[in-house]
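Below are the features listed in Swiss-Prot for this protein:
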type	residues	note
DOMAIN	55-354	domain 'Calpain catalytic'
ACT_SITE	CYS115	active site
ACT_SITE	HIS272	active site
ACT_SITE	ASN296	active site
MOD_RES	THR354	phosphothreonine
REGION	355-525	region 'Domain III'
DOMAIN	540-575	domain 'EF-hand 1'
REGION	542-712	region 'Domain IV'
DOMAIN	584-617	domain 'EF-hand 2'
DOMAIN	614-649	domain 'EF-hand 3'
BINDING	ASP627, ASP629, SER631, SER633, GLU638	Ca(2+) 4 binding site
DOMAIN	679-713	domain 'EF-hand 4'
Amino acid sequence: MTEELITPVYCTGVSAQVQKKRDKELGLGRHENAIKYLGQDYETLRARCLQSGVLFQDEAFPPVSHSLGFKELGPHSSKTYGIKWKRPTELMSNPQFIVDGATRTDICQGALGDCWLLAAIASLTLNETILHRVVPYGQSFQDGYAGIFHFQLWQFGEWVDVVIDDLLPTKDGKLVFVHSAQGNEFWSALLEKAYAKVNGSYEALSGGCTSEAFEDFTGGVTEWYDLQKAPSDLYQIILKALERGSLLGCSINISDIRDLEAITFKNLVRGHAYSVTGAKQVTYQGQRVNLIRMRNPWGEVEWKGPWSDSSYEWNKVDPYEREQLRVKMEDGEFWMSFRDFIREFTKLEICNLTPDALKSRTLRNWNTTFYEGTWRRGSTAGGCRNYPATFWVNPQFKIRLEEVDDADDYDNRESGCSFLLALMQKHRRRERRFGRDMETIGFAVYQVPRELAGQPVHLKRDFFLANASRAQSEHFINLREVSNRIRLPPGEYIVVPSTFEPNKEGDFLLRFFSEKKAGTQELDDQIQANLPDEKVLSEEEIDDNFKTLFSKLAGDDMEISVKELQTILNRIISKHKDLRTNGFSLESCRSMVNLMDRDGNGKLGLVEFNILWNRIRNYLTIFRKFDLDKSGSMSAYEMRMAIEAAGFKLNKKLHELIITRYSEPDLAVDFDNFVCCLVRLETMFRFFKLLDTDLDGVVTFDLFKWLQLTMFA
């Protein structure tokens with residue numbers, strides 16, 4: 001029985017987040033049920049084009065200047081002058097999608113600085129199964145050609161099916177960007193276009209890490225090795241990785257931008273991404289030598305040292321072995337000794353597809369879990385541990401380590417539980433055209449003390465002030481992803497992902513990979529309210545001085561209207577020079593009246609005004625307590641603590657909404673907004689409590705009650 005396909009429903013705002021969660025629970029976003037990117041269905045669009053006889057043109061990524069770029073490749077750039085978008089059928093009489101299978105030589109770099117992407121595409125060709133997860137079968141310029149193609153990419157936890165037309169940027173009749181060595185093969189150029197589409201433009205692909213594309217082609221996770229500190233078994237790690245279909249890339253770091261793509265005297269390119277495509281041991285002068293094979297996406301400029309294409313070392317290798325390993329001259333691919341590799345290159349990236357435990361001698365899969373989260377100014381963007389006043393507001397995740405690694409995994413080291421953490425920031429390439437780029441990100445890991453074990457609560461500031469981290473990312477760095485392999489004793493741990501500085505916004509994906517069974521969960525406070533006692537005083541119980549005050553403030557009807565309440569509160573608050581405030585608005589005063597008005601006449605009598613008066617005095621005490629710097633206003637982070645002190649426990653999303661609604665542009669919250677927020681919260685909680693007659697935390701109401709609640713709360 002075939003699995004039923006889930007069709008996505010397209011929503012906006014908060015409803016979109018709810019719908020997305022439901023879609024995931026139903027399996028949408030798995031590779032076998034990829035999401036139709038931007039709602040475009042390949043089969044439907046292709047059938048429509050074939051029926052109409054019109055070749056497909058993609059309105060979502062049109063053949064215009066802004067699809068090329070925004071600055072270096074922008075509309076008025078000299079680099080885009082003379083570019084024309086043409087289909088392969090316009091460039092030659094017999095274009096091919098793939099000729100005799102996809103190979104590494106199908107990928108030659110053009111005028112775009114996306115060698116990191118092309119190195120990953122070259123590695124992709126080493127594993128046909130993985131290749132055709134990205135490049136679906138059945139595409140051609142002959143049978144059923146309609147000018148439309150599609151590719152499947154992993155994007156931040158879900159697979160998407162990306163539709164493109166085959167209009168490609170050309171200049172003087174030749175492809176401007178990636179092309180095949182043969183010139184008549186177009187799968188790599190079309191894949192590059194699909195990748196440009198999901199990232200917003202071709203220019204957005206300029207500069208990056210090979211691991212980024214590795215992960216988008218596989219959904220795997222990448223580990224980095226500093227070759228200046230290479231582990232003793234790195235060659236075995238590389239052999240295992242290649243055997244298991246992992247994707248590998250390497251590069252030479254630069255310290256000066258002027259060295260970018262500078263060529264060394266042995267013909268290696270600095271700051272340039274290479275694919276690692278093979279590793280082999282050969283017998284040379286009676287000794288076994290470890291070799292490693294690499295490819296330059298340029299399709300030329302090869303290593304000129306030992307074991308290069310024309311080096312004398314090959315003459316002393318067994319002829320059969322030599323023929324098995326020798327590569328063509330100037331095709332961009334070459335061999336070098338592993339010793340030279342360690343000396344010449346500085347960074348190795350391995351994308352583990354499962355991921356497998358590459359450092360273990362036994363083959364096994366890891367348990368994987370991922371969470372999506374956000375950093376929002378004023379609510380969940382607290383910065384790193386250098387900012388103790390706000391660090392605690394970052395999202396928090398718990399991992400429970402239960403089983404230690406097998407004995408042969410840790411040799412003579414202390415036993416522990418291994419896991420890999422990978423923190424990825426989302427959509428940053430798309431945002432480059434708006435002047436935004438990668439934030440500096442990282443994470444810290446804390447052990448949960450025994451007294452807090454098993455409690456799914458968001459840990460507060462005092463905990464982080466009193467406890468040091470047990471592990472952390474090696475660096476805070478402005479890459480799309482940071483990852484670390486960590487080993488800790490069994491127990492519960494809190495992972496805190498963050499940007500380096502506070503108030504840096506972004507969306508992120510946090511992935512856990514554990515070798516043994518491990519439980520994970522996102523920590524958040526449960527929504528609850530400790531509402532003030534609703535005991536109603538009689539007029540006789542109210543202080544005589546307050547009665548005298550009320551009689552002076554109220555009108556002839558001895559009740560206070562919304563307008564009168566506004567006048568009273570603003571007159572009082574203006575006397576408190578230490579408070580930063582714009583005064584109470586008519587709307588906020590109306591909310592207060594709605595909360596306190598027991599008889600429904602839209603005004604406050606003596607008893608009602610007495611309750612409100614005492615409530616505001618209490619709010620003022622709380623406000624002053626949490627205005628830590630005595631600035632007359634609270635910061636958004638102080639507001640979070642003040643709300644809890646007032647009796648309300650809210651989750652991250654609600655804090656986010658409150659800061660959006662009640663803070664000023666500088667994230668300050670003044671007294672009148674603080675009061676309005678607490679009044680609104682109390683009103684909403686009381687409404688819910690009134691409707692929740694069976695106390696199960698769920699209420700059902702009709703449209704009238706919904707409108708009544710939202711219009712007048």
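Yeah, the Cβs are placed from backbone N, Cα and C, and that goes for glycine too.
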Give the sequence-ordered set of same-chain residues, not counting ASP627, ASP629, SER631, SER633, GLU638, with Cβ within 8 Å of the centre of the Cβ atoms defining the Ca(2+) 4 site.
PHE626, LEU628, LYS630, GLY632, MET634, SER635, ALA668
Tell me which of the recorded positions ASN296, SER631, SER633 sits in the most Cβ-dense spot, judged by other Cβ atoms within 10 Å.
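Counting Cβ neighbours within 10 Å, the top one is ASN296.
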Just checking, which of ASP627, ASP629, GLU638 (binding-site residues) has the fewest C-beta atoms within 10 Å of its C-beta?
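Comparing Cβ neighbours within 10 Å for the binding-site residues ASP627, ASP629, GLU638, ASP629 has the fewest.
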Which recorded positions are spatial neighbours of HIS272 (active site) here, meaning Cα within 10 Å, out of CYS115, ASN296, ASP629?
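The recorded positions close to HIS272 (active site) (Cα within 10 Å), listed in sequence order, are CYS115, ASN296.
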Is any of the recorded positions ASN296, ASP629, SER633, GLU638 within 10 Å of CYS115 (active site) (Cα-Cα), and if so, which, in sequence order?
ASN296
Any idea what the Cα distance is from ASP629 (Ca(2+) 4 binding site) over to ASN296 (active site), rounded to a whole Å?
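Cα-Cα distance, ASP629 (Ca(2+) 4 binding site) to ASN296 (active site): 57 Å.
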Among all protein chains shown, how many Cβ atoms are found within 10 Å of the Cβ of CYS115 (active site), not counting that one?
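I count 26 other Cβ atoms within 10 Å of it.
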May I ask for the distance between SER631 (Ca(2+) 4 binding site) and ASN296 (active site), taken between their Cα atoms and rounded to an integer number of Å?
59
In whole Å, note down how far the CA of ASN296 (active site) lies from the CA of ASP627 (Ca(2+) 4 binding site).
59
Provide the number of Cβ atoms within 10 Å of the Cβ of HIS272 (active site), excluding the reference atom itself.
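Summing over all protein chains shown, HIS272 (active site) has 23 other Cβ atoms within 10 Å.
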Taking only the Cα atoms, work out how far ASN296 (active site) lies from SER633 (Ca(2+) 4 binding site), in Å, as a whole number.
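ASN296 (active site) to SER633 (Ca(2+) 4 binding site), Cα-Cα distance: 58 Å.
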